[in-house]
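Each remark here refers to the structure printed beneath this line.
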Amino acid sequence: MAGNTFGRALRLTTFGESHGPGLGGIIDGCPAGLELTEAHIQAELDRRKPGQGPTATKRKEADTVRLLSGVFEGCTTGTPIAFFIANEDQRSRDYGNLAEAFRPGHADWAYFQKYNGLRDHRGGGRSSGRETAARVAGGVIAKKILARRGVTILGGCVELGGIAAPLWGLDMDGAAARPYCAAAPSVVSQWDALVAEARKAGETLGGIVRIEAHNVPAGLGEPVFDKLDAVLAHAVMSVGAVKGVEVGEGFAAAALRGSQNNDPLLPADAPEPGRARFASNHAGGILGGISSGQDIVLRVAVKPIASIAVTQKTVDRQGQPVDILIGGRHDLSAIPRIVPVLEAMTALALADALLLQQRMGLGL
């Protein structure tokens, strides 16, 4: 299967399936000398792991990571970094009835068509959201590369099931500690009621996640086919539940006039050649596909989980109509577990762009 590797200077390859022995990845291109331990990776994996929070699946996975190579005495060596995360609580018997039928909203039908009728029906196999654990592990390394330049990445949920957090009340710094990774504390009680209602109805919920990257240096990204916003969109759209991404004002910019959407440049506090500041950030930190030095701001649309506790119509392998009720243990929403995944993919894209810029000898 092609398409398992992301990046050019910093490359992450992931492997594994939802109900196989485990999953993992290899990071190639990481500089030597970064402090890295299993505990560093585990802290981020614990944010994503199943079995915690009001919307999470009841599947219990420790998601304990093992570093297999590329690290010596707590530091990266510059060689490929391999890691592995065992699957410990898979229940494949829950999926026996899905060997012959295709689940609506899942990748079952598309995989069946692409791979000549061969697919792992147990929990979706390679298409399962469980694959994203390896992305989170790789993202830890990318975040460490960025931290050397003072770059930080924050994520938080700004909308769940159509109920949006007030833009004026966002507190991204505290999002990770709140239920749903909520970017505003005022909306949590409304989301609690919505989740209870959806659970009673056997339904699932989608939402919108906001990602911010702070202290990103100006000059990252390439001017044509590898624009930084295009690479970031590629990164986050590769996550299975993601259906859309906005940079800065995004689709709202279509309703603005140029005078409203432009970000005026102002002299820096201490004016000098090559320095300026902006009066606003409608562009989301990217101009002409290249970082401007402002915060990069993304809004990511996350679809409802396709596994619902409601009988659905579908067809079997012979094309005959059947009704299915999906068993197993499933999230009520990809939120909040998807937040560290989106942070990781943003970090991988930015770290890759940073290393490419350095490789080209263009400063930074």
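A Cβ is built for glycine as well, from the same backbone N, Cα and C atoms used for every other residue.
Feature annotations, reproduced from Swiss-Prot:
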| type | residues | note |
| --- | --- | --- |
| BINDING | Arg48 | NADP(+) binding site |
| BINDING | Arg126, Ser127, Ser128, Gly288, Lys303, Pro304, Ile305, Ala306, Ser307, Arg329 | FMN binding site |
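Recorded features from Swiss-Prot, shown on the structure.
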{"residue": "Arg48", "record": "NADP(+) binding site", "DSSP (3 states)": "helix"}
{"residue": "Arg126", "record": "FMN binding site", "DSSP (3 states)": "helix"}
{"residue": "Lys303", "record": "FMN binding site", "DSSP (3 states)": "coil"}
> Roughly how many angstrom lie between the C-alpha atoms of Lys303 (FMN binding site) and the residue listed as 'NADP(+) binding site'?
Replying inline: 17
> Cα distance, Arg48 (NADP(+) binding site) to Ile305 (FMN binding site), nearest Å?
Replying inline: 16
> Hey, of the binding-site residues listed (Arg48, Arg126, Lys303), which one tops the CB count within 10 A?
Replying inline: Arg48
> Going along the chain, which residues six or more apart from Ser128 (FMN binding site) have their CB under 8 A from its CB?
Replying inline: Glu17, Ser18, Gly240
> For Arg48 (NADP(+) binding site) and Arg126 (FMN binding site), what Cα-Cα distance in Å is obtained after rounding to a whole number?
Replying inline: 18
